Ligand SMILES: *Cc1c(COP(=O)(O)O)cnc(C)c1O
């Protein structure tokens, strides 16, 4: 098996994470269970942050909390001195409840509601990443009502779309996000916001994609943005204080994936950005990045209990676990691929090939196709690796399956940070038909 972070095998031959036996975790907290190796999260966070420091470049590394947001997770991010991206009132609320410094919160989203904007202004967050013309008007109006000024970045689409192994150059980007850099919309947005006392325009933002393994796409995007910055400096005397290059740094889900280390992404991008700034005789702005997946993805492992199996002669062996698309919708949503082992004996040789099925009433509820696996029996624990990003965050109650618990492990200790939902929780917001019938209250 491939060992992520602190994962290892103990004297019993069991998989351990953070020095904790995963079989004990499954017993103590039940399954399915998300286990986070928080030492690995800290290591990744420092990998990004320390590299900027070493290169002498002012920066903010903002965790894109949509990847996995919870009170404890945000507290961990605060401990590591990172900033935070939120994309909704709910994520903002979680951050504020976690005691996160509002000045280091950046608010994203292509359709922020008036209520969300008001909430963020009241909390005095650090920055709005403004996405469209409607938002410029809305934010301006609410700022005036509240006699506040908002620091903003303009989200632009530079015409670079990065995918895992390639990137696409488009004249005009067909995306729901941001102001197009090529067709003049970004410039119009700049004019509008520079003219408005409600705004302090800090600079530009772009986010070109996810699970990216090379720095070429980031550099191409930076180049497009820096060219415009040079142009706008002359035209509008606008000097960007901030250049935000987004997130999307790839991780290793399976042996086919070969990501760069955080330090390497940062080094390569910064070297190029510095050169481009020099070339255009611009002062180096603060560089912001927004890793989500690369901070939490491979730090998360899901533990399931092995249940039923089905053998279709000469076709396939199905092996079912006690979770599925309710706790990890990524395979069903975009054919995401994972690796897994029997946590009771991760070192044992794979003897068969099985396809891991969930327990939801959907044929598409499959977690892993064609997984080589060692000998196993019902009650064994299956550990699926790299489920730390967009796993819990996208978990749902399909089939009224309660969402699993989340534990953090570090230095031989485990701590429950999100409780498992109960059946009671599932009906908490349900109201009985009789209330409606009596006509007393809806
Ligand atoms: C989703 C997103 C990120 C994080 O992406 P990852 O692939 O998880 O690193 C960063 N910035 C923005 C604007 C995003 O939408």
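Keep in mind that glycine also has a Cβ here, set from the backbone N, Cα and C atoms.
Keep in mind that this is a model prediction, so the values were computed, not measured.
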* To do: Among 318, 334, 338, 390, find me the residue TrEMBL lists at the same pyridoxal 5'-phosphate site as 248, 290, 291, 292, 293.
  => 390
* Closest of the recorded positions to residue 248 (pyridoxal 5'-phosphate binding site), Cα to Cα, picking from 66, 330, 361? -> 66
* Please tell me which one of the recorded positions listed here (66, 330, 334, 361, 362) sits closest to residue 290 (pyridoxal 5'-phosphate binding site), measuring Cα to Cα? => 66
* To do: Other Cβ atoms within 10 Å is the metric here; tell me which of the binding-site residues 248, 291, 292 scores highest.
  => 291
* Rounded to a whole number, how many Å is the Cα of residue 291 (pyridoxal 5'-phosphate binding site) away from the Cα of residue 362 (substrate binding site)? -> 32
* Where the record says 248, 290, 291, 292, 293, 390 bind pyridoxal 5'-phosphate, what is the longest distance in Å from one Cα to another among those residues? -> 15
* Which binding-site residues, if any, among 248, 292, 362 have a Cβ under 6 Å from ligand 1, given in order along the chain? -> 248, 292
* Would you find the one among the binding-site residues 334, 390 whose Cβ has the most company, meaning other Cβ atoms within 10 Å? => 390
